Amino acid sequence: MSAASREERSGPPGSFAKRVLVTGGAGFIASHVIVSLVEDYPDYMIVNLDKLDYCASLKNLEPVSNKQNYKFIQGDICDSHFVKLLFEVEKIDIVLHFAAQTHVDLSFVRAFEFTYVNVYGTHVLVNAAYEAGVEKFIYVSTDEVYGGSLDQEFDESSPKQPTNPYASSKAAAECFVQSYWERYKFPVVITRSSNVYGPHQYPEKVIPKFISLLQHNRKCCIHGSGLQRRNFLYAADVVEAFLTVLTKGEPGEIYNIGTNFEMSVVQLAKELIQLIKETNSESETESWVDYVSDRPHNDMRYPMKSEKIHSLGWKPKVPWEEGIKKTVEWYRKNFHNWKNAEKALEPFPVQPPFM
C-alpha cells in the first residue's frame, strides 16, 4: 500500500474505538453512509476504499474529507494481496461492503466484469475479513436477486431467482458471503434494498438520468412500455437503515430494506417532466418522452416485505415529494461532479465490452 494512495490524518489503530472499512465509498449510497458515520461516530475511524471507477466521485466526500476520523485509500477489492495488507495495516473491526458494478443495462454487455468485480471481488474481501477476525461483515445486496413478481411479496426467505447479469452476480456473491457464516460462524449480515435515489447518484440510473436529460432539454428515454414499476427509497432513509443494521443487525441474518412507495417508469418520467418543464397538458408532457427498445429482460416489479428491519426500529421517513425536489435541485447544480456524466445520458451503455 503506497503512501501516495492514502490520506494520513489518523492516529495509530488503537486510538479509535472501532475501525470501519467502507468499500465503494466514493460511490452513491456508500458516500452518504460514510458522511453520516464520520459525523455521528467521532470515536470511529472510517476507512474509505474505492478504486475510483467511472461512477465514483470524491466530491461526494467533501463534507468530511478533512476530518481526523476519515481516511481514503484508493485500491481494488479484486487485488487479494492489497486487500490482505489493508486489513493487516488498518486493523479493521467492521466492514460495510458496497463496492460493485451496479448498472443493469451495462451488465448485459459487460457480464464478465460484473462476475469478476461483484463475485470474485466479494470473495476476496470476505475471505480477508474472515482471516483478519473482523467482528461484523455487512454485504450490501439488492432486491433484484429475487427476480421479478407481479403480486408475490418477497421476504428474506424467498428463493433467489435473478434474471439479469447484475442480479445474478449479486446473488452469487451472497452465496459466498453466507457460506462463511454457515462454515465458520463468521458474523456476516446481508441487506437487500429497493431502488435508492437522491444526490450524488451517477446519472446512468433512471431518476438522475431523467432529471439530467430534462435539465439538458432532452427527452426521457423509456425502455419498452415503461409500465415496469419500481419502489424508490430516498438516500437519507437508506443511510439510517444501514446504521440500524450496523448497530442492531444479527449475525447470519438477511434484511430487506424496502418501501411501500411504488411508481411505474412512465409515471416517474411524467412527474419529472411536469416538475422540471412545468407542462400544462398530457400532450405537452408526452412530447418529452422517447420510447426506445427494451432491455433483453426487464422485470415488472420487485414487491418486498421489510418487517424484519422494521422490528429493529427502522422505517422510511422522507416523503417522495420532499426527496424528489431535493434531488432535482441537487442535479441542477452538480451534474458535472463526474467528468464523463454526459455519456450516462445515452439510452444504452456506450462502453466497450470487458472481454
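Note that the numbers count up from 1, one per residue, in the order the chain is shown.
Glycine residues also receive a Cβ, built from the backbone N, Cα and C atoms like all the rest.
Annotated active site, proton donor per Swiss-Prot: Asp143, in sequence order. Proximity of Asp143 (active site, proton donor) to non-local residues of its own chain (separation of 6 or more, Cβ distance below 8 Å) is seen for Phe154, Arg192, Ser193, Ser194, Asn231, Asn256, Gly258, Tyr302, Met304, given in sequence order. DSSP gives Asp143 (active site, proton donor) a helix state.
Proximity of Glu144 (active site, proton acceptor) to non-local residues of its own chain (separation of 6 or more, Cβ distance below 8 Å) is seen for Val104, Pro162, Thr163, Asn164, Tyr166, Ala167, Lys170, Asp299, Tyr302, given in sequence order. The active site, proton acceptor annotation in Swiss-Prot covers Glu144 (among others).
Sequence annotations record features per position, and here Swiss-Prot assigns active site, proton acceptor to Tyr166 (among others). Counting every protein chain shown, the number of other Cβ atoms lying within 10 Å of the Cβ of Tyr166 (active site, proton acceptor) is 25.
Per Swiss-Prot, substrate binding site is recorded for Thr142. Take the CB of Thr142 (substrate binding site) and look out to 10 A: across all protein chains shown you find 24 other CB atoms.
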- Message: Using DSSP and collapsing to three states, where does Tyr166 (active site, proton acceptor) fall: helix, strand or coil?
- Response: helix
